[in-house]
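Visitor: After the structure tokens below, expect a handful of questions from me.
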Amino acid sequence: MTSNNSLLGRGRMSYSSTAPPRFKRSVDQRDTFSDNFDYDKDSSNRGRTYIAASNSTTGVPPPNNSRSGCTNNTNNTNNTSNTSNTNNNDSVDENTVFETLPYYLPCFSWLPEYTFNKLWGDVIAGISVASFQIPLALSYTTSIAHVPPLCGLYSLAISPFVYGILGSVPQMIVGPESAISLVVGQAVESITLHKENVSLIDISTVITFVSGTILLFSGISRFGFLGNVLSKALLRGFISSVGLVMIINSLISELKLDKFLVSLPQHYHTPFEKILFLIDYAPAQYHIPTAIFSGCCLIVLFLTRLLKRKLMKYHKSAIFFPDILLVVIVTILISMKFNLKHRYGISIIGDFSMDNFDELKNPLTRPRRKLIPDLFSASLIVAMLGFFESTTASKSLGTTYNLTVSSNRELVALGFMNIVISLFGALPAFGGYGRSKINALSGAQSVMSGVFMGVITLITMNLLLQFVHYIPNCVLSVITTIIGISLLEEVPGDIKFHLRCGGFSELFVFAVTFCTTIFYSIEAGICIGCVYSIINIIKHSAKSRIQILARVAGTSNFTNLDDYMMNMKRNSLDVEGTEEIEGCMIVRIPEPLTFTNSEDLKQRLDRIERYGSSKIHPGRKSLRSKDSIKYVIFDLGGMTSIDSSAAQVLEEIITSYKRRNVFIYLVNVSINDKVRRRLFKAGVAASVERAQANNNENNTSNTFSDAGETYSPYFDSIDAALYEIEKMKIKGNNVPNNDSESFMSNTLFNSSLV
């Protein structure tokens, strides 16, 4: 048979009996083609006989089995290669440790290149970040987490040292976070309500230790991909609800109603219940001096922030103005000068004992181990939120500063960091995008900026705690309110975006997460949001996306018939723009086949046979008979992988077609050897029609031999399969190839007859 290069000028052929040109390669060149060729060591000459792994789809002709003319060169090359490998083994082994060490300890990637200029930039950035992070840490600790102030300060001081060794994002600033502190605060309220003698430091220690352990094992197990599970809409819904909860809780302290709330016989736990409490009791029970002082601080912070935003348009350095630190310093001076606590009854932080912080905490003592069952759910929420928040920050910084960030390494760093700081009784610490961005804008060059922030925090803890004594509690609550408002600022923009884009599923996730958090609890909100997201992922992966193809009239192009017809109708154009081949159904599988979507493939194929489309409702009356289908072409160009369960389903589908005397053709099959080997072992390759291949190719999982001829079960193109169909019609062959039928398919078929 003579070779043909096209089908009516439109397609390539794969059944030429003329052998393609051969070429010679040295042994060194073999590795280049290791993904495309297998070799058989059991040949008669004990050499390496290469076997083509594709039917000319790679565009590389298979090499000649003969070694004439190049045997000596091959042997010499082998000897040279073996000698060089032997000599280089020692040097490679010696350098391996130094090459891989920066991957596991990222500090070794920047320490050798650290200079004085970078040091100066990190010092300035560390001072800038510490100026507002220390007041925030005190605010999170006292007004949100309800634990001693030193828990927050230790979290801010110690965590940067650990992250400086294991962290891989240079500008990342780690420390206590608002949402995390709120989860801890709700856990504290729940535990202390039933166990009055429990130490608040023990609660903080256990939550930090357990969450760190979860993160560490997740990183070791390489679960970093889970950072892609939760959608941005879910996180936005949760963070916005956290912002509202922070405002509600802070308002209680700003009106000095916290003690009155505790004294009531009924309990107000959920944010919605606290809103009802404020409506019922705030008008009559609020403390006037505290409310006035809180209002003044709130107005000052609002005005300074508005001024900063306007100035930043002209002077970017305005972002470094320490408005929060300025308000804290001024209120400390006012509190000291006018004796706010005794003269006006405004509560201050007051004296707090450092006795419980003079030694390291063991998270696994018996009293603390007993707290683990009660605090495990809160610890899991902390680990999840902390990881997602840190991942968001690291990805944003990585995009901005062209960094490659490994989620698994970040998990290990965050996990080990929290295990270490739990020994100090600290709050959980994670990365935050806002402060990390300010750190980068301040001139930070490495993680040493966070270390300097930690040093300044330690200095504050040892020298300036006497001034912390005078900070009014309501001022810290006002700072929390400002942070809560900032968490809500992006919500309107996100809602408008999803409404404009028709993202109603994202809006539903947002609403469910937000409402559940407000009306029930933070844990319930994040759990329901996660469950809904996972269900959506499963639904998405279980849906088959097969396409029915048709040729565009007057061209050699094939297109998705459903989309093409819909587009033609939408644009009021002539819908007679495609050509259907009589008795032939062309189906494209544009995705990997797995156990999740292979079952749906059966149903959609049945719908296509009955209606000519996969988008018509299955309850409608069939538009055509299944007997009209005589040929089915599967375009597997997008099927880059297939698991054994899906291969079994595909084999059953092909077997069912064979019983109806339908001819099956596979085209554009991936050159991936795993895909082809699995199709062969599942019996799929043996059950489909074949194209005549190179006579010199050996019988492998990709070829079959019959009467001296070699055949391949895979066609290069749809046109090649159509050409073969035309040849069969001319010959009058009406019996499809049926060499192989799986035992499982026979068993299932026969069992249905019993």
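A Cβ is built for glycine as well, from the same backbone N, Cα and C atoms used for every other residue.
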Visitor: Looking only at what Swiss-Prot records, are Ala282 and Asn439 on the same side of the membrane?
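Guide: Judging by the topology that Swiss-Prot records, the two residues are on the same membrane side.
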Visitor: Using DSSP, what is the helix/strand/coil residue split across the topological domain 'Lumenal' (254-282)?
Guide: 19 helix, 0 strand, 10 coil
Visitor: Which range wins on Cβ pairs under 8 Å with the transmembrane segment (451-471): 147-167, 173-193, 233-253, 371-391?
Guide: 147-167
Visitor: Given a Cβ distance threshold of under 8 angstroms, which distant residues of the chain, six or more beyond its ends, lie next to the topological domain 'Cytoplasmic' (168-172)?
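Guide: The answer is 106, 110, 390, 393-394, 397-398, 401, 403, 405-406, 409-410, 413, 431, 436-437, 439-440, 444-447, 449-450.
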Visitor: Can you tell me which parts of the same chain pack against the transmembrane segment (371-391), counting only residues 6+ beyond its ends and a CB-CB cutoff under 8 A?
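Guide: Distant contacts of the transmembrane segment (371-391): 172, 174, 177, 179-180, 183-184, 186-187, 190-191, 198, 202-203, 206-207, 210-212, 214-215, 218, 226-227, 230, 235, 238, 407, 410-411, 414, 418, 428, 430-433, 522-523, 526, 530.
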Visitor: Kindly state the mean pLDDT of the topological domain 'Cytoplasmic' (392-410) in the predicted structure.
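Guide: For the topological domain 'Cytoplasmic' (392-410), the model's average pLDDT rounds to 79.
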Visitor: Assess whether the transmembrane segment (147-167) lies in contact with the transmembrane segment (411-431), where contact requires at least three Cβ pairs under 8 Å among residues 6 or more apart in sequence.
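Guide: Per Cβ check, the transmembrane segment (147-167) touches the transmembrane segment (411-431).
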Visitor: Take a look at 119-139, 233-253, 283-303, 318-338, 518-538 and tell me which one has the most Cβ pairs under 8 Å to the transmembrane segment (475-495).
Guide: 233-253
